[in-house]
Amino acid sequence: MLDLKFVQNNLDVVRESLEKRGSKLDVNEFSDLDSRRKSLLQEVESLKAERNSTSGEIAKIKREGGDASEIIARMGEVSGKIKALDEDLKDIEAAEREWLSSVPNMPDESVPFGKTEDDNPVIRHWGEKPEFDFTPREHWDLAVELGGVDFERAAKLTGARFVVLKKWGARLERALTSFMVDVQTMDHGYTEVIPPYIVNRDSLFGTGQLPKFEEDLFKLKNWEYYMIPTAEVPLTNLHRDEVLSEDDLSIAYCAPTPCFRSEAGSYGKDTKGLIRQHQFHKVEMVRFAHPDKSFEDLEKMTGHAEEILKRLGLHYRVITLCTGDMGFGSAKTYDIEVWLPGQDKYREISSCSNCVDFQARRANIKFQPKDSKKKQFVHTLNGSGLAVGRTFVAVVENYQQKDGSIVIPEALRPYMGGLEVITAE
């Protein structure tokens with residue numbers, strides 16, 4: 001959430017930010033509310049000043065033995081007006097906060113201007129695309145044929161956009177998860193957390209999913225609880241309403257969790273395979289950074305996500321999201337896209353974002369500077385390290401062989417009991 005006073009004093013800056021993002025949010029709506037708030041505030045302050053000055057007059061009349069009943073009656077009316085105006089003022093301020101809760105974060109000045117994903121610049125590549133002497137197959141054919149993935153039974157159990165993993169498929173999913181967690185905790189210093197997979201509304205407000213994106217969430221019937229769309233939600237909210245020590249920053253967490261998304265805006269997209277599921281696993285990274293070092297931490301976190309792909313020998317590219325393609329809470333985002341030869345395209349496998357103080361303000365997460373009595377909001381960052389299902393897809397498609405088998409990347413073999421090649425049973 002943006003700072004209320006900043007918005008009140010910089011409406012033109014906010015309007016420009018919304019235009020860069022392609023947002024249709026009407027700044028004039030807030031401007032009208034704020035004009036009304038200022039008018040009410042002036043009226044209330046004027047009436048309170050009148051009441052205060054008149055109280056001295058009443059006391060004087062009483063000391064002199066005079067009749068102050070008319071003035072007292074008039075002041076009763078004034079008090080009633082003040083009470084009514086205070087209620088109106090509360091309603092206006094609530095409306096301002098509601099409007100503010102729907103305003104996306106302001107893009108950092110280093111973010112390139114653009115309208116769609118087509119405007120996202122590629123900033124680097126790693127590795128080379130694998131070469132095949134045959135036409136590579138999509139994972140949804142090959143993995144099913146090898147018996148590790150079952151979409152039909154998943155559809156019977158639940159419906160579309162679900163999968164059953166079994167045999168080598170279940171083991172590969174588990175191996176990838178353990179490998180990712182080990183790299184992030186042992187090599188990059190993250191603290192592993194297993195959080196609840198169900199959270200309350202306050203948590204989702206803190207990270208920005210509510211109130212604007214409720215349709216993307218799975219809500220529990222008769223409960224004000226939701227299934228997590230990403231572990232970013234519980235990890236960030238671990239420190240909601242807390243004041244952290246400056247010496248503790250940066251704090252880094254990672255969590256392997258299932259994620260649950262309705263994919264409300266994805267009708268007709270990626271209807272085959274594992275790319276877009278209602279339930280999927282992801283290893284999430286979250287950092288709480290000092291404001292002076294958060295963009296340095298963003299580069300570091302992005303490198304931590306890239307390291308997984310490097311160790312797996314998977315070709316990828318990194319792009320910077322333009323202003324029109326950024327997530328709601330982000331000030332700057334890098335997407336990592338892995339090459340999928342079966343689909344002959346790059347697909348997002350990680351998104352690493354610096355939200356600066358946007359989430360911290362919503363969730364009231366501060367730190368105490370050593371050289372100041374005034375507490376400051378921390379900066380929060382989040383990123384996938386990585387999306388497990390999409391990494392599963394990348395391994396299957398990049399390491400497939402002409403005979404229909406799949407070679408296990410060397411880094412994963414210790415997690416697969418030494419298995420080197422997946423073949424049909």
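Cβ atoms here come from the backbone N, Cα and C positions, even for glycine.
The Cβ of E232 (L-serine binding site) lies under 8 Å from the Cβ of T207, E284, V286, N382, each of which sits 6+ residues away along the same chain. In three-state terms derived from DSSP, E232 (L-serine binding site) belongs to a helical segment. What Swiss-Prot records for T230, A231, E232, E284, S384 is L-serine binding site.
A simple way to gauge crowding: the CB of I349 (ATP binding site) has 25 other CB atoms within 10 angstroms, across all the protein chains here. Taken from Swiss-Prot, the feature ATP binding site covers R261, S262, E263, E348, I349, S350, S351, and the record attributes it to sequence analysis.
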- Distant-in-sequence Cβ neighbours of T230 (L-serine binding site), under 8 Å, six or more positions away: C259, K282, E284, N382
- E263 (ATP binding site) and A231 (L-serine binding site), distance between Cα atoms, whole Å: 17
- Query: Quick one: largest C-alpha distance among T230, A231, E232, E284, S384, binding L-serine per the record, in angstrom?
  - Reply: 9
- Give me the non-local Cβ neighbours of S351 (ATP binding site): same chain, 6+ apart in sequence, Cβ-Cβ under 8 Å, ordered along the sequence. L321, G327, T333, Y334, D335, I336, G383, S384
